[in-house]
Amino acid sequence: MAQKENVYPWPYGSKTSQSGLNTLPQRVLRKEPAVTPAQALMNRSNSQSTAVPGQKLTENKGATALQGSQSRQPFTIDNFEIGRPLGKGKFGNVYLAREKKSRFIVALKILFKSQIEKEGVEHQLRREIEIQAHLKHPNILQLYNYFYDQQRIYLILEYAPRGELYKELQKSGTFDEQRTATIMEELSDALMYCHKKKVIHRDIKPENLLLGLQGELKIADFGWSVHAPSLRRKTMCGTLDYLPPEMIEGRMHNEMVDLWCIGVLCYELMVGNPPFESPSHSETYRRIVKVDLKFPSSMPLGAKDLISKLLKHNPSQRLPLEQVSAHPWVRANSRRVLPPSAL
């Protein structure tokens, strides 16, 4: 069935793809109100009442497509009570916030247009919004909606109460087999979902992984992601220690880059540092390209087997995600707990 065009406004005057936040499928859980606070956030129109410089006002066609609802007033910052800061970045800050009417707790990411324009990453931000808004999985941080004013862009995100995986790893140094295997199962399941939707994350690392109330993993930060039907890319991106050989060598790459990344992550969680970490960038590059992989004697054989099967120079030889979650070491050690929304 052909998808109806849904053009939603963008503060830089360019048209988005034929998709939008307002086309998100709605799920009604048993024993819950017909419209949950999260759904109300997604249903809300993000069309703006005043034109952004260089842009004509456009009708948000998707606003009336959901549940037969009428057009709603767009969000403004006045709709939220702002709490403590959750994080700071190059382009803005993230705050704990509460939508006043529903009392629903969210993470509000506030980005400064001037910084985004200065760095020329408008397209990257729009791509992040378009991709993340259409991903609904218990191990992917949900983007509920967005709005903007003259100076800022606001992303309304799911709140992950237990914060960054990176900070927990810093505190503990390493994770045990149970926790690492659980993360591997959660990641493989979430990435299988992404890949089926032709989305490659390309920047899986501890800093981009958050933790929900029950400690469940939440993939965040889709800024480097691509939604490419061809699944063939040739741009350099991601984090140095996590870059796969094909990207360093400038070769075409596909979704197999995410398999390499989770192999590197598994090693770092078990050992405390990435497998190819070196004093210089050039040495790190050299070790990655040669797959100069060295395991400490303390590494469990099952984890070693899994990592070795993921960190292959030839992308086609890497262990498929289906086999990651079914790997004997993962099956024996994973303690995955699905959040209520997934039951």
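In case you wondered, yes, glycine gets a Cβ from its N, Cα and C as well.
Summarising the annotation, Swiss-Prot assigns region 'Disordered' to 1-21 (among others).
Feature annotation from Swiss-Prot assigns region 'Disordered' to 36-57 (among others).
Summarising the annotation, Swiss-Prot assigns compositional bias 'Polar residues' to 42-52.
Per Swiss-Prot, domain 'Protein kinase' is recorded for 80-330, and the stated evidence type is sequence analysis.
For Val94 (ATP binding site), the count of additional Cβ atoms within 10 Å of its Cβ stands at 19 [all protein chains shown]. In three-state terms derived from DSSP, Val94 (ATP binding site) belongs to an extended strand segment. Residues or ranges marked as ATP binding site by Swiss-Prot: Leu86, Gly87, Lys88, Gly89, Lys90, Phe91, Gly92, Asn93, Val94, Lys109.
Swiss-Prot lists Asp203 with the feature active site, proton acceptor, giving sequence analysis as the kind of evidence.
DSSP assigns Lys218 (N6-acetyllysine) to a strand. Under the heading N6-acetyllysine, Swiss-Prot lists Lys218, citing similarity to another entry as support.
The phosphoserine annotation in Swiss-Prot covers Ser230.
Taken from Swiss-Prot, the feature phosphothreonine covers Thr235, and the record attributes it to similarity to another entry.
Shown are the recorded positions Leu86, Lys88, Gly92, Lys218; of these, the residue with the fewest other Cβ atoms within 10 Å is Lys88.
In this model, the domain 'Protein kinase' (80-330) carries an average pLDDT of 90. The Cα atom of Asp203 (active site, proton acceptor) lies nearest to that of Lys218, taking the recorded positions Lys90, Gly92, Lys218 as the candidates. If you measure from the Cα atom of Gly92 (ATP binding site) to that of Lys218 (N6-acetyllysine), you get 21 Å.
Using the Cβ center of Leu86, Gly87, Lys88, Gly89, Lys90, Phe91, Gly92, Asn93, Val94, Lys109 for ATP, the list of other same-chain residues with Cβ within 8 Å runs, in sequence order, Ile110, Leu111.
Separation of the C-alpha atoms of Val94 (ATP binding site) and Lys218 (N6-acetyllysine): 16 Å, rounded to the nearest whole number.
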